[in-house]
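So the structure is just underneath, and the comments pick up after that.
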Amino acid sequence: MSKTYHFIGIKGSGMSALALMLHQMGHKVQGSDVEKYYFTQRGLEQAGITILPFDEKNLDGDMEIIAGNAFRPDNNVEIAYADQNGISYKRYHEFLGSFMRDFVSMGVAGAHGKTSTTGMLSHVLSHITDTSFLIGDGTGRGSANAKYFVFESDEYERHFMPYHPEYSIITNIDFDHPDYFTSLEDVFNAFNDYAKQITKGLFVYGEDAELRKITSDAPIYYYGFEAEGNDFVASDLIRSTTGSTFTVHFRGQNLGQFHIPTFGRHNIMNATAVIGLLYTAGFDLNLVREHLKTFSGVKRRFTEKIVNDTVIIDDFAHHPTEIIATLDAARQKYPSKEIVAVFQPHTFTRTIALLDDFAHALNQADAVYLAQIYGSAREVDHGDVKVEDLANKINKKHQVITVENVSPLLDHDNAVYVFMGAGDIQTYEYSFERLLSNLTSNVQ
């Protein structure tokens with residue numbers, strides 16, 4: 001039976017994906033959010049989903065209301081009105097936990113790589129059989145007839161605890177979100193609690209020391225590059241400017257050669273996890289092989305464009321591990337070009353906690369440009385760290401730039417520009433694109 005859903009904070013990446021999925025399943029969907037443009041809203045607009053400003057008049061007791069996790073009575077009029085008037089609502093993760101019970105569910109968790117891996121698994125499985133999915137880049141697809149449900153499983157504030165999927169991948173465990181987690185051990189404990197809720201199969205990266213300590217009542221399958229100790233092993237790697245080719249073995253059995261048109265060693269591991277899960281779940285590997293070849297990636301993960309013959313890459317990387325992976329992918333695809341990193345640190349707490357690691361990661365580029373730190377709505381800038389503190393630790397050519405003046409980026413010939421961050425780094429990218437376009441106009 002069709003329902004009416006109202007999303008408080010519909011432009012959030014998970015919220016927009018869920019809204020799209022429910023819309024495609026035949027439900028009436030609307031939502032509210034701030035007026036500022038966010039990259040997820042284009043998909044909502046194309047689907048004809050109404051986006052309203054926050055207003056208590058948006059709420060109706062007959063609706064099923066889903067609220068974004070960032071909103072509280074003290075910062076959102078709709079939440080405040082709902083609480084004052086006894087109107088019930090569910091948080092995103094609470095709704096998702098109950099929603100997935102009607103499907104064979106497959107989750108993807110991990111400190112890094114979960115969006116790309118969720119996208120890859122969704123792409124392959126939806127081409128094999130009817131599948132609904134939610135990806136953290138704001139993409140969602142729903143089918144009333146789907147048996148399978150693929151979703152991204154987020155560890156922040158332990159939001160994944162309402163989830164009990166049949167299968168799950170955990171890509172890695174790393175210290176992140178220092179505004180919530182107190183230590184690597186705290187992060188591990190969250191993932192270990194999640195792992196205990198998997199019912200049929202858990203697939204973890206076997207070369208991650210923390211993941212080796214994971215326990216679960218479900219069978220655990222390890223994947224990696226090393227033959228010893230891993231169940232699914234990727235070997236015979238061929239990394240070229242058109243993608244990556246590799247062979248996968250399962251406990252000594254050759255499962256064949258696979259190709260992905262994406263870049264970086266991390267994507268080979270993501271694909272190995274997907275292959276392992278689908279093989280274990282009983283899917284035809286020939287179909288898996290065929291559809292991996294057409295996976296082009298997800299939004300804001302190594303997204304490329306060319307402006308005035310200049311290659312620009314946009315990536316959500318906001319943790320040192322992710323920066324290293326993104327720069328590795330750029331070098332694979334563009335081995336003869338200078339790799340220029342343009343990075344905006346995201347949150348003061350993360351920048352303080354990982355300052356030396358950020359410097360080490362950014363030193364993998366040939367030149368580094370830094371934008372001012374993007375503070376989260378959850379924190380206050382106490383002046384404990386500035387972007388110049390990071391700049392002082394970088395030993396490659398580096399400079400702090402402003403969105404009003406990105407012209408220093410023009411000092412490079414034969415370069416690829418990699419814009420990275422989870423804040424508003426795209427405003428710097430767009431400023432650079434306008435500068436490049438104006439150069440073309442002036443020449444003409």
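Easy rule for this one: first residue shown is 1, then count along the chain.
Placed from the backbone N, Cα and C atoms, the Cβ positions cover glycine too.
As recorded in Swiss-Prot:
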- Gly110, Ala111, His112, Gly113, Lys114, Thr115, Ser116: ATP binding site (BINDING)
For Ala111 (ATP binding site), the number of other Cβ atoms found within 10 Å of its own Cβ: 22
Shell of the ATP site beyond Gly110, Ala111, His112, Gly113, Lys114, Thr115, Ser116, same chain only (C-beta within 8 angstroms of their C-beta centre): Val108, Thr117, Thr171, Asn172, Asn270, Glu322
Fewest Cβ neighbours within 10 Å, where candidates are the binding-site residues Thr115, Ser116: Thr115
Spatial neighbours of Lys114 (ATP binding site) that are distant in sequence (at least 6 apart) but have CB under 8 A: Val108, Gly136, Glu152, Ser153, Asp154, Thr171
Residues that sit under 8 angstroms from Gly110 (ATP binding site) by C-beta distance, when 6+ apart in the chain: Thr117, Ile169, Ile170, Thr171, Asn172, Ile173, Tyr205
Per-residue Cβ crowding (10 Å cut-off), top of binding-site residues His112, Gly113: Gly113
